[in-house]
Amino acid sequence: MVSSYPLPEGFSEFDVFSLGSCLLVEGMLGFFLNAVTIVAFLKVRELRTPSNFLVFSLAMADIGISMNATVAAFSSFLRYWPYGSEGCQTHGFQGFMTALASIHFIAAIAWDRYHQYCTRTKLQWSSAITLAVFVWLFTAFWSAMPLIGWGEYDYEPLRTCCTLDYSKGDRYCAFTSTLHYAIKININVLVTSIYKKKQYILIFSHFSLHRNYVSYLIPMSIFNMAIQVFVVMSSYQSIAQKFKKTGNPRFNPNTPLKTMLLCWGPYGILAFYAAVENANLVSPKLRMMAPILAKTSPTFNVFLYALGNENYRGGIWQFLTGEKIDVPQIENKSK
């Protein structure tokens, strides 16, 4: 029974129910919208272009995030994680891989849009497929590293979903004062005393956990977030300049980057904060805002990249109603 499981520390009954409800709405809405996006691509022949394949790939990643959120919502209503340690590792791996893939495909779409509007070149199938395969393999690599010891997956503060455990960085901070004290005391006593020797090893074992977290966080963030943010920012800046010259804006080029930072920025800030400070000093409720915001990304992405795309929107309308809508073509060269 639900009542037999204690509430997570720092959360009330209302908090757990509210967060679970948010996760459920995000998961179900994101799943439905991205499922429509995926099926429309498969069913409507006119949608099957290399550029739209990137939108389709983004929807595949986002539907994985939505499924991850739905599992977390179910666990939240139970008030505990029912799938054990192995289930936590699987949930963390699946959620992290699809999240990284989503970020990569957002950058890929930005790059493709830059060429569409600024260089008037058309993406080829060979390039689109190669890019998609690379993204999935690359993100699978980074997501698998915590499974073999570089980084680690563990519970979110609500303890009903799993992700990359940024709290491993906290342990260094918790032992910093102890380490400083150990350095100041008589080193001979520290070495000769068995108890002190064990204490000394314990301090540095926690220090190693911190270094393991940081050594994973920095390259992972550079290759899976920083580069993507730069690609999105520079691509849409060029598109904005092009729209300004032509006086014919096709969409708002400022929205994709703002949405990306809104959804994934809090997670990035929290992760880097944990690398230098004790993340447990941040309230559990505030820390849970990062995954809640991140899991809104699948819904936002449908409106930005599928429904916000004239061609794809027309294909979805044709899939749902059978009525075909002609849209203008902007690509006229190959690359």
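Keep in mind that glycine also has a Cβ here, set from the backbone N, Cα and C atoms.
Annotations in TrEMBL come from automatic prediction, not curation.
For 33-305, the entry in TrEMBL reads domain 'G-protein coupled receptors family 1 profile'.
According to TrEMBL, the transmembrane segment annotation covers 16-42 (among others).
Per TrEMBL, the feature transmembrane segment maps to 54-81 (among others). Here the transmembrane segment (54-81) has Cβ contacts under 8 Å with residues 2, 5-8, 16-17, 19-21, 23-24, 26-31, 34-35, 37-38, 41, 87-88, 91, 94-95, 97-99, 101-102, 105-106, 108-109, 112, 123, 128, 131-132, 135, 155-156, 158-162, 291, 294-295, 297-298, 301-302, 305-306, 309, 312 of the same chain, all six or more residues outside its ends.
Under the heading transmembrane segment, TrEMBL lists 93-111 (among others).
Sequence annotations record features per position, and here TrEMBL assigns transmembrane segment to 123-145 (among others).
Long-range contacts of the transmembrane segment (213-236) within the same chain: residues 100, 103-104, 106-107, 110-111, 113-114, 138-139, 142, 145-146, 150-152, 165-166, 168-169, 253-254, 256-257, 260-261, 264, 268, 271-272, 274-275, each at least 6 residues beyond the stretch ends and with a Cβ under 8 Å from a Cβ of the stretch. The transmembrane segment feature in TrEMBL is assigned to 213-236 (among others).
Among the features that TrEMBL reports, transmembrane segment is placed at 257-276 (among others).
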Distal contacts, the transmembrane segment (257-276) - CB-CB under 8 A, six or more residues away: 99, 103, 106, 164, 166-170, 213-214, 217, 221, 225, 229, 232-233, 236, 282, 287, 289-291, 293-294, 296-297, 300-301, 304
Cβ contacts under 8 Å made by the transmembrane segment (16-42) with residues that lie 6+ beyond its boundaries: 7-8, 48, 52-53, 55-56, 59-60, 62-63, 65-74, 76-77, 79, 158, 160-161, 288, 292, 295-296, 298-299, 301-302, 306, 312, 315-316, 318-320
